[in-house]
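TrEMBL annotations:
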type	residues	note
COMPBIAS	1-12	compositional bias 'Polar residues'
COMPBIAS	34-57	compositional bias 'Low complexity'
COMPBIAS	875-887	compositional bias 'Low complexity'
DOMAIN	111-162	domain 'Amino acid permease N-terminal'
DOMAIN	200-702	domain 'Amino acid permease/ SLC12A'
DOMAIN	711-1112	domain 'SLC12A transporter C-terminal'
REGION	1-59	region 'Disordered'
REGION	70-89	region 'Disordered'
REGION	868-895	region 'Disordered'
TRANSMEM	201-221	transmembrane segment
TRANSMEM	227-257	transmembrane segment
TRANSMEM	278-298	transmembrane segment
TRANSMEM	318-337	transmembrane segment
TRANSMEM	346-365	transmembrane segment
TRANSMEM	396-415	transmembrane segment
TRANSMEM	427-446	transmembrane segment
TRANSMEM	508-532	transmembrane segment
TRANSMEM	565-585	transmembrane segment
TRANSMEM	591-612	transmembrane segment
TRANSMEM	624-657	transmembrane segment
């Protein structure tokens, strides 16, 4: 920061005065800048000394109120300042976050004088803060407190100006309370349990991947597929899980990861539609997986009981009893807290690793007692015999792969408790990928070792031994002295193909394998019991599905989802009691695979969108590899079970459609948004290289609507013919004597755009500040749009009250029309006899509902002082309230009861809604008097294509000569037929140039009288002076010159009343006035006379470029 030009006093330091929060002013206000003196003191003593040593009573209050940025000044601190605080103040002079102050045991040091903070950056007194991680935190971040940096207004605005309160800071919406970090957070941070990558991710993933499949199905897979194809099956599964692991790592390292696992990763990447659908089925899959693993455990226990004849009732009910007791025990461990659950997992891991080592040690210990059961130790002949496949019982490669793959679906066990990890960005990639590597190597080792030392079939009978050597041997067992040929007829109970407990037989200590099976099943069940509530809690917190918020509540230091635990327990218990999970198992596997597919697709989608926000610190991923991974996951789903895959896709699609329909009010910056932007940008750029063609002309309207809800009839009518056809921009020129508050205008833009979206109006709201309507409209006419998406038609409400206001406003209004023509715009004037502007009606249309209202804004009541027909000026502030908001929109307040509406206001309100309703059978009368390129005809055609206007028929009125009426009618009918525009009738008006009625002329004269110059009644010099001062005045010469045109407007109004008084809508060619020749008052009189006392009328004038063609 540069030095100020002067220093008011030598002992004074720049102070940041805390403002009264109730006044809505800035958090900081610079009083005096005296940096020269401060810098000299800083150079001499490290820090400057305050002007006074006393501490006012308001200091603590200010200190408590502004916990926004903590600055240290040891001179004002207590005498027992910690040395690190002094060192910080003397050496850094920078902002320090409260989180770091809490962790170091420090407190805020403030030297207050009239409740001020002395804030020093780079040795200067300034509120301009240095980069700090706490400025970038989201409000509910768990690793630190969110601080709010000084806003641009606080640093940039003039000293005598109150900086506007930034309601939407950095694009985020937050309440006033959210800016103040919770006091409880620092206390809970010190006691919450967080896991590292080994205990939190590696062990959990390994336990889940090493399931019962390792001990009781791996040997059977080798027997069916052989060593080579078994290794291929394992490698295929590892490829799928590795790609998914790489994708998971990429997403997990692209920003701070909260709790929710797969749901959080997918929802924050692809948006709530995909995240919400996959989150629900993923949580359900984990809940049912609890039952699967517990039933697997219970079956093993019941088999042991049966072997010693100790069944309690029958086999099925014993499984239910053991399963119920087991899941209750697991629930108790989970509810006790993550720390106890982690300890239990550690114990189970030790048992599992011991069982695996026990097996490998056993393979080297060959005993004669095990040979009849097919185990001979490592032998090349056995290995070669088992190298190829031997599929039996209608098994195939893919059916065996389908049986094995569910063993690999535990790779998200660590990511699912992401909220309980100390550093998810490091833990998830390292733990997940290492777990995939280790488990993959172990599976390959088991496949090779079992295939190298155990034959496929064995009788278990010692009597089947034969003398060695035997020249007739055809298999490995024969060369080793056993004849198991009888097994070809079936009935053998031993060997890889027949005995699921081969590993127990091979191992050095059989019971340890049983313990390993128990460990594998219980650890997987425990992991699923923890994962399901965590994922479900994250889903409920986001409030995507109504009614599930009750499960979002957490308890204790770790925010444990106890209600989710109970729900998971009851779901698991229900499926345990069924005890038949063969049907549900493939569906669960498909649910997991759907999650993996979407994680892979998320990475591809985010990379394709090329968003600057996509910058994962994990670089070992590729978008095309991720896409291949997503496709592979989908293929595997159908390989495992085609009907389960279809059912999974149907469920995901149904949930996706539901969430899309509900449109949850969340914005996570998903890659869907980024890709949508990319596509929009590329299409816009592509369009700029394509020349306009008549066939592709669309009316792209700049509607001078003011606040969008202040002129609903204007908005609804234009939206009727631009919806899904052309661009519609609601222009709003904001004027006023006060200095423009651009921040307020930007916030209004966000609010009103949201209002348009809520009301399903496909339009953009664009406000500008200008000194008057003409300047503002000129800005909008020149700058609105992007490339080919630029407006080409200006739509104005007719200025009904033009005779009641100042004529300079009429001059501005007419010149705005001239400017539009100068810029080659078409112009449409919309007139309703009741008027358009309803903003003066108190309490009519509340823009901001409770959920729309900008958080942090106070409710206010606005008193309106607009004339009810001030339809044209879309720029004047319509509020005289004390609020900064100048909108005509108001909040209902019980202290300000709504006054009953007058009859005129009731009619105005009814008229304002007439274009929202379906139009009954009627007509749209098109008075196409002058060829403007076809816009006058195109607009009614577009209207009749809409559902609300489809019952209306087009009637066309044209001018002509009495002696050529039939010819003109046929010519127009031929033209309309070539244009392929349906019409019900064509009327040729041969009496347009007939003189109007005397009463009509007198009414026009009366209207025009106050605006005449009457130069013949005054000196020429005085007349010229008056004309220069009031250029809108009508001269006698001008009136005489345009007498015929004036009479035509009066006559046309009479014809309109005669022919179109019952029409639903009149669309008429707008008369033109030559710029610089026809005065504003005369042109306004023409427009008023032409369109008065009629149904809704559009005066249309295109830019005289063809917008219709009959060529293909």
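In case you wondered, yes, glycine gets a Cβ from its N, Cα and C as well.
As the structure is a computational prediction, the values presented were derived from the model and not from experiment.
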Field: For the transmembrane segment (318-337), distant same-chain residues with Cβ under 8 A (at least six beyond the ends)
entry: 193, 290-291, 294-295, 297-299, 301-302, 305, 311-312, 344, 522, 525-526, 529-530, 533, 556, 558, 560, 562, 565-566, 569, 572-573, 576-577, 579
- prompt: Which one of these stretches, 201-221, 278-298, 508-532, has the most C-beta pairs shorter than 8 Å to the transmembrane segment (591-612)?
  reply: 278-298
Message: Let me spell it out: take the transmembrane segment (278-298), skip the flanking residues so only those 6+ beyond its ends count, and list any with a Cβ under 8 Å from a Cβ in it.
response: 211-212, 260-263, 266-267, 318-320, 322-323, 326-327, 330, 416, 517-518, 521-522, 524-525, 528-529, 531-533, 535-536, 538-539, 544-545, 567-568, 571-576, 578-579, 581, 584-585, 588, 591-592, 594-595, 598, 648, 651-652, 655
Message: I need to check the long-range neighbours of the transmembrane segment (624-657): which residues 6 or more away from its ends have a CB within less than 8 Å of a CB in the stretch?
response: 239-240, 243-244, 246-247, 250, 273-274, 276-278, 280-281, 398, 401-402, 405-406, 586-587, 589-591, 593-594, 596-598, 600-601, 603-604, 607
Query: Taking residues 6+ outside the transmembrane segment (396-415), which of them lie with a CB under 8 Å of any CB in it?
result: 197, 200-202, 204-205, 207-209, 211, 213-214, 217-218, 221, 224-225, 229, 233-234, 236-238, 240-241, 244-245, 248, 252, 261-262, 265, 389, 421, 424, 427-428, 431-432, 435-436, 443, 524, 527, 531, 585-586, 588-589, 592-593, 595-596, 636, 639-641
Message: Which residues of the chain, 6 or more past the ends of the transmembrane segment (346-365), have a CB below 8 A from one of its CBs?
response: 199, 203, 206-207, 210, 214-215, 377-378, 442, 445-446, 449-450, 453, 503, 506-509, 512-513, 515-520, 522-523, 526
Query: Across the domain 'SLC12A transporter C-terminal' (711-1112), what does the pLDDT come to on average, as a whole number?
result: 82
